[in-house]
């Protein structure tokens, strides 16, 4: 009896102590930005849609069901980029870092879906999958305070030459500097990260082949893309296999 | 049983195909040698080295770790087959676990082998030679080559090389003490005197010594077939019991393994029912096993024991079996030899009686003067007799040695007298030269006296001086006067009465008493040209003048009484087991305190109350002196009764075989028994005892082989220091284990919380191994250097059934209190690291699946930032490092609190044990090297850590210290309270 009581008190005390120290620790943190950002000095790349099977796209362009999931994922992903959702966002000056350090309420820059051209889902509801020109959206991971230098752009290559033709929206895969820096979830609630759409026009004679694509960030000296250990730092590799 | 002792010489010749004059032929001898094998005792079967090695590989926790390794390899196989991305992690983990087992196994094996080697040096014997007649020639042969039927010749001083039927003897006496414990030399002849081959006079036994005379005999038994060989093989038949500490460690291993397996299986079931994959569940199981098993602990225990063994070796206790170090500490009964162990093993003059008064002499080991009153002229006369009537001489060339250490040619009592005289008078040999000896009758057993006649050193005194010594009653018979204060007075009945009283008193003290008398021969009857003839005794041998008595004893070593009283206050019963006379035994027992001054035996009480022995209330007698003869007729119950009822026991006149019976009797009482011994025949008892202690100087090889420990100086007092060390190491091992077990919880909790709350893994399996086998090793060894908290020699020996090494309180306090506190501290650090990098605790809960998903490279943190898999992994390793550092920091506090179990650290002294600080610095140093030096080696999962994270757990470390001080304070304040019972380990 006594021993149970003792442990009740003992653990109660420890739990209280744990809660208290955690509370103290959390008090030292800011709500807006994490204390340290050194573990993510350079952003990773990610694509949408993201297939379940480790970044490999398998679909039949004549079978709508085979790519239905990709299309719905893309649609859902682009929902937040819809004009109706961007009513508060402003048009920023292109090609320049949009510094808002002195402003209490951070504005988000408008990202027009039309910039994604054929991959915007406006004209082609299947994002090109039905035509054998699938779209893949490439995005750069959000990192608070990151200011890319130079002219960052996404550039993709295929290991197998001549199998696929790659188009970028916006042209040349440019990522505009006006979308940087990011100020974090709480300050920058409406922030939309810039996207680059990569449209792959698979050669008609290369169907049924597995095509390996690698996309990288180029043109910015402070964005790494050659890390030995981190295969997703400033680059991403995926495979596409299309049948008819 | 052989009947060789009954056969005549010719029958023997026929039986063994030999000839008394010619011996065996070399060819025949070679044949028999090939048939019977060499004439030596087969050493006890040694366990093959490979078996010893393999035992280390599967003993203790090794099995658990092997299971962990096998599971790792299985999951590696499965992952490889499934084509997972990093299956090699598990392969490496398996290899590391296997390495840990193999390396700790090799280490333990090496330690074991090292202590065995110390002993191996003992068994190197100088090969014994024997004089054999072969091919009708006398030859010196190694005794090993003797065969049955060989004719051997022995002379005084030889060791009997085999069992021998004697066919010719001349004044032959043998010392059978190694066989029977009887130290009086026994005469041997060719006659068949007893049906029993052990009692008959015409057989001499292997390993006994011929004291004097010569003999020739036929070898009738060799090697293991000799009587001694049979006793020795009896020893190997006596099972080697597990040492108490081995039992304790086994108990502890079962406990920890039980906890590990039950938590492992429980969480395996939980994780399976939480829909984790079987493979993942297996990996969790490995983690739980690794976290629960104190990998480094058994090696630490071995090191601590060998440190103590080293310390004991410095104090003349050489430990053969490491575990015996602790056994001595838990000893509750010591069965000690008398001669050599309790006593100095040399006759020394203890008392003198002259002028109607008893004087005591100094019997210590290093006497340089004798303090008794030497002014009386009677003493001058007595000193002259004991100087002159003495045939013993110092070996030449020892002038620089202290008198007591000089080698003397002569028998034991003459040696005693010579040294006694040399101490008081100085240069005895010169005095003898100045008082030239003109005639002498040496001592013989019929007349029981020794006599010599000398010229006096005074040139004016032309008289001859006749001096005589011998058995007191015989000497007194020859006297008509007695010297009192230098004057001769008639020996009337009153003076004779005084003599009787003194004689009885000295004899009652177990001392050997000699009487001394002299006579100045009148000058007119014996002019200086007189020719003395000892055959016709043309001089008076009666009507002499009695001068005094001198009594001798083999005195106790001066350190022994103190050691015995230490044993008593330490709750250890000391029982004397000797082959000596009950009276001498009791006297020595009294003088060393084995029988205390106030206690009485049944016989003493009977004598005091003047009633028959049977009417004495046995409960009143605290002491008992048991004769070997009585012991022989006793039933086991009677023996148990004696061992139970009397606290002070002396066994006298016991045979070495009875020693075994006594040891077994003590063990039936549940006691941990230490036995000292030196003879071959002691080996069964030494083996049977929980700890056998052989004498390094006097001990035989067989005894040293059977023993667990060797006393290099044959001194009982060394055993007491051994006991002290043994008790200390038991306490300190408790501390070491408590220290080591604590952090297991801090290593285990991460796994449990990881499984239940699905947070990112707080600590890696490899990291755990770095704590268990890296930072924690030196500190846990350092606890072996801790001084005792209180006088450990003032408490009773531990009860081996109740006082466990690892008891419930220790496990509960370490696991459920300090361990949990450590876990809390480490988790605070873990959450701090994650929160300051952007993952608030609330975000972390339940993220495991996505967190570990290789395909998710835009994992969002609490601030909207996105992380790749590798960035998360790197953060996870930072978490491992932070968790590791926190455990290390809190282990420093744990180390400090474990210095004591009851006293405040400030009573114990924070800086007294310097090695603890070496431990603390090594701990922090290793952690620094791992985090900053090896922080870039990916495989080790360490990352350079921000400096401030080292201090997050510091408040918890301080809390641990304060809490433990409070615990100890309450234990000291309220002994016997609920708190004391539950919190004292």
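Glycine is treated like the rest: Cβ placed from N, Cα and C.
No curator has checked TrEMBL annotations; they are predicted automatically.
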Name the residue range among B:786-809, B:810-833 that TrEMBL annotates as transmembrane segment.
B:810-833
Would the transmembrane segment (B:58-79) count as touching the transmembrane segment (B:252-276), i.e. at least 3 C-beta pairs under 8 angstroms with sequence separation of 6+?
yes
Report, as numbers and ranges, which residues of the same chain sit near the transmembrane segment (B:91-110): CB under 8 Å and 6 or more residues beyond its ends.
52-53, 56-57, 59, 62, 65-66, 68-73, 76, 286, 290, 295-296, 298-299, 302, 765-766, 769, 773, 939
Checking distant contacts: for the transmembrane segment (B:763-785), what same-chain residues at least six beyond its ends satisfy Cβ-Cβ under 8 A?
93, 96, 100, 286-287, 290-291, 293-297, 299-300, 303-304, 307-308, 729, 732-733, 735-736, 739-740, 743, 747, 750, 826, 877, 879-881, 883-884, 887-888, 891-892, 895, 898-899, 913-916, 918-920, 922-923, 926-927, 930, 939-942
Recorded stretch that, among B:282-305, B:737-757, B:810-833, B:877-896, B:947-963, has the most CB pairs under 8 Å to the transmembrane segment (B:916-935):
B:877-896
With a Cβ cut-off under 8 Å, give me the same-chain residues at least six positions beyond the ends of the transmembrane segment (B:947-963) that come close to it.
817-818, 821-822, 824-826, 828-829, 832-833, 882, 885-887, 889-890, 892-894, 896-897, 905
Summarise the model's confidence over the domain 'Cation-transporting P-type ATPase N-terminal' (B:3-77) as a mean pLDDT value.
85
Composition by DSSP (helix, strand, coil) of residues within the domain 'Cation-transporting P-type ATPase N-terminal' (B:3-77):
48 helix, 1 strand, 26 coil
